[in-house]
Amino acid sequence: MVMEVDEPAVAATTSQNQPQEHANDFDMDTSEGPIENDETFEPVDQINWKFNQVKGNIDADVHTEADVISCVEFSHDGEYLATGDKGGRVVIFQRDQSGKYVKGVRSREYNVYSTFQSHEPEFDYLKSLEIDEKINQIRWLKKKNAANFILSTNDKTIKLWKISERERKIGDDAWNLPRTNRINTSSFRGRLQIPSIVPMELIVEASPRRVYGNAHTYHVNSISVNSDQETFLSADDLRVNLWNLEITNESFNIVDIKPANMEELTEVITAAEFHPTQCNWFVYSSSKGSIRLCDMRDRALCDAYAKIFEEPEDPQSRSFFSEIIASVSDVKFSHNGRYLLTRDYLTVKVWDLNMESQPVETYPVHNYLRTKLCALYENDSIFDKFECDWSGDDKHILTGSYHNLFRSYARGNNQDAKTWEARPQEPHSQLRSRFVVPSAKRKRNNLSSSGETTEEDLSSDQLQFDRKILHTAWHPKDNIIALAATNNLYIFSDV
């Protein structure tokens with residue numbers, strides 16, 4: 001049951017019919033804790049990635065559609081890495097616990113920790129629609145005790161899972177009665193024994209704790225846990241709902257952009273996320289390229305945003321594809337809460353929360369595809385939704401592309417952006433960067449100081465659009481990245 005509330009949750013400082021006036025008063029106070037000092041960003045050096053691991057069968061012909069990875073997410077401390085796939089399964093990896101060190105740092109290998117079936121295929125008999133088991137997103141809750149908790153969602157249903165360990169049991173020789181079906185009265189004679197606890201092989205159990213359903217008419221595209229660790233939001237194409245983790249049968253509708261007449265629909269919600277420290281703030285992005293920042297203290301139904309971030313369109317460059325490639329596929333707050341990172345089809349942008357008119361940084365991802373938009377439209381690749389990520393220190397940016405290529409950017413150093421290809425090679429060996437050129441006419445080799453080739457040309461005509469990196473994750477503390485390439489999970493680091 002979704003509760004639509006029109007009354008203000010908290011008394012607002014301005015009238016509800018004056019959202020623009022309120023928006024002018026909504027300024028980020030950089031003197032408070034959540035938003036760090038207003039610094040001029042210093043350029044940083046590019047990271048040279050090294051291959052660590054690849055999970056899954058690397059034979060391109062040996063996988064099913066259910067094996068395709070659909071989401072990747074590190075835990076808050078980086079000790080665990082969760083993936084979901086189109087078959088409804090969740091696989092959790094744990095960082096190596098053996099104490100092994102590589103080049104003076106703790107091993108950055110991840111091993112399988114737990115695998116379980118999160119969602120099953122369903123059928124909506126009321127609408128005669130099949131509901132896929134595909135996992136759309138996974139979000140970790142902050143660890144409070146020995147157990148871990150994650151939220152996972154498919155198109156309709158969100159589930160809370162508890163991941164716990166069991167490595168001790170009651171010893172078989174510590175019973176006062178024989179462990180048989182028949183009771184022998186003579187067995188009661190003798191001394192009373194106290195059961196003893198003995199070690200056993202580690203068992204990791206995943207148990208469902210809550211199921212949040214029946215609140216979304218359209219497909220859920222985002223979930224985000226609030227900084228208070230008590231509530232979370234879920235977003236579909238037209239609505240954003242607020243949930244309490246302890247309550248499964250009701251949620252509060254906090255954004256509703258559905259028009260009275262669906263023929264007047266001009267945009268849909270593509271992603272939503274809570275601020276990392278301010279529990280009242282959240283953002284949601286749209287298919288028209290705008291990002292809206294909302295404050296739940298203003299009103300319960302946040303249809304009137306506090307700020308809107310959008311870049312004016314150049315009329316000279318407008319085409320049939322302009323609105324499609326402007327659609328924001330992912331939005332992420334920086335760890336310090338000061339910036340927003342957004343990804344559209346061709347670029348990654350960094351927005352300052354204090355400047356709505358234009359991004360402070362724009363990084364091209366694959367501009368060489370601009371001349372191929374017609375072909376990409378015909379094969380539906382233009383609708384692919386790429387994710388983006390911040391590094392733990394907010395100084396680097398990560399996103400994916402086609403042909404299993406990915407790009408990382410050193411902020412403030414746009415000229416030093418490099419492209420790498422996710423492919424198996426020797427552990428801890430440096431990746432060779434790729435340079436995509438419009439045609440295969442030009443070849444160049446850049447040599448490292450050791451004389452090894454570090455860059456390879458790749459013609460844009462050779463790109464394989466069915467091999468793509470849509471889902472990415474960056475370790476919250478170390479320079480470790482995880483990339484989903486079809487059914488493979490690649491892990492790279494700077495060591």
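Counting starts with 1 at the first residue shown.
Every residue gets a Cβ built from N, Cα and C, even glycine.
Positions annotated as region 'Disordered' by Swiss-Prot: 1-27, 439-459. Among the features that Swiss-Prot reports, repeat 'WD 1' is placed at 64-103. If you look up Swiss-Prot, you'll see 215-253 marked as repeat 'WD 3', on the strength of sequence analysis. Taken from Swiss-Prot, the feature repeat 'WD 4' covers 264-304. Feature annotation from Swiss-Prot assigns repeat 'WD 6' to 378-419. According to Swiss-Prot, the repeat 'WD 7' annotation covers 464-495.
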Result, the repeat 'WD 4' (264-304) in contact with the repeat 'WD 3' (215-253) (3+ CB pairs under 8 Å): yes
Within the predicted model, mean pLDDT of the repeat 'WD 4' (264-304): 95
Folded-back contacts onto the repeat 'WD 7' (464-495), same chain, C-beta under 8 angstroms, at least six residues removed: 47-58, 60, 63, 67-74, 76-78, 81, 83, 85, 93, 102-103, 105, 108-110, 335, 376, 379, 381, 384-392, 396, 398-406, 408, 420, 422, 428, 431
Helix, strand and coil residues within the repeat 'WD 7' (464-495) as assigned by DSSP: 0 helix, 19 strand, 13 coil
